């Protein structure tokens, strides 16, 4: 299969010549290295935080959420490793696909890898949103239906669905195509094309948009349920705080996914449904680069948006903006606490005295009148009353 055709001019014809590049190739390689390194480091740090929290936590609902989050971070980490390595290899080979990949095997693997590692985080984020919605709105059903083995099956199902969509072009003899920049592979674009060439990108884009929409609906329902529960019960509950922490993380993941993947998914639909598609290589490449930031920003959600980190950040900001009022409030709380301790200690001392007097009444009376003879009716009041 011809990748882009011999009729294409300009940039592509220059790339085919030896040692010639199209545009700032060194800058592209540097950006790829920085993106790959940052993604690997941030995802590794997030995975360490999640594994540590998973071993420390005792709540079943929190454990299932951390298992889903760990699967998402592992997916992003592998995506940076695989796709980043392929990009560096292509640039090191001067984008000469005819030399290092004449049968387009590597191109097919590269395109499938981009689709798989792009669609998997969206499906996993949707699965996490549905799981949290059930955990908050239907806690009894969630406690019985969502076990660790079920979580692992859901993870496998999300990965299997993404792999199925990624492998459809290869199975239907519509392999991925080298794009005009010759640095990556994606769905076929341009003429000639049939209904399968239109259907495959639509399946990818529509499935991603449905996952984002379902995440939005489930996170909205969960947030409303938590707010109603918080308004009914004014006191703070440990389980509610854990739910709030997870919902904040899910909302951040959904926001990052919408900002990073929304433009690419909508743009692919627009390009696919055009009757006469126009070359849009640069715009599509920019959309893909924006989408790769999803795998870099996702791990920082779990690193930064934790309860301990948010509490420390709140204290720092509150002390920075109002240090005087914070000091006065702190002194007042200290005085109130010390006075409460004084009252509680005096109360306990009085109770101890009363308890001692109830246990030994004769000793108390003798202490009052040590040299006097105690009458019988005072020493034994019950017997005296009985005699009377």
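Yeah, the Cβs are placed from backbone N, Cα and C, and that goes for glycine too.
Automatic, uncurated: that is what TrEMBL annotation is.
Owing to the predicted nature of the structure, the values given are computational and were not obtained by experimental measurement.
Annotation source TrEMBL lists region 'Disordered' at 1-21.
According to TrEMBL, the feature transmembrane segment maps to 29-51 (among others). Long-range contacts of the transmembrane segment (29-51) within the same chain, counting only residues at least 6 positions beyond its ends with a Cβ under 8 Å from a Cβ of the stretch, are 66, 69-70, 73-74, 76-77, 79-81, 84-85, 87-88, 91, 289, 292-293, 295-296, 298-300, 302-303, 306.
If you look up TrEMBL, you'll see 63-89 (among others) marked as transmembrane segment.
Here TrEMBL flags 109-130 (among others) as transmembrane segment.
Annotation source TrEMBL lists transmembrane segment at 151-172 (among others).
Here TrEMBL flags 202-227 (among others) as transmembrane segment. Nonlocal intrachain contacts for the transmembrane segment (202-227), taken as residues 6+ away from its ends with a CB within less than 8 angstroms of a stretch CB, comprise 115, 118-119, 122-123, 125-126, 129-130, 132-133, 136-137, 161, 165, 168, 187, 240, 243-244, 247, 250-251, 254, 257-258, 261-262, 265-266, 268-269, 272-273.
Annotation comment: TrEMBL describes 247-270 (among others) as transmembrane segment. The list of residues near the transmembrane segment (247-270) in space but at least 6 beyond its ends in sequence, with Cβ under 8 angstroms from a Cβ of it, reads 69, 72, 118, 121-122, 125, 128-129, 132, 136, 187, 201-202, 204-206, 208-209, 212, 215-216, 219, 222-223, 226, 280, 283-284, 287-288, 290-294, 297-298, 301-302, 305, 310.
Look at TrEMBL and you will find 282-305 (among others) tagged as transmembrane segment.
Same-chain neighbours of the transmembrane segment (282-305): 31, 35, 38-39, 42-43, 45-47, 49-50, 69, 72-73, 76, 79-80, 83, 114, 117-118, 121, 179, 181, 183-184, 186, 245, 248-249, 252-253, 256-257, 260-261, 263-264, 267-268, 271, counting only residues six or more beyond its ends whose CB sits under 8 Å from a CB of the stretch. Packing against the transmembrane segment (109-130) from elsewhere in the chain are residues 65, 68-69, 71-72, 75-76, 78-79, 82-83, 86, 154-155, 158-159, 161-163, 165-167, 169-170, 175-177, 184-187, 204, 207-208, 211-212, 214-215, 218-219, 222, 250, 253-254, 257, 261, 288, 291, 294-295, 298: each is 6 or more residues past its ends and has a CB under 8 Å from a CB in it.
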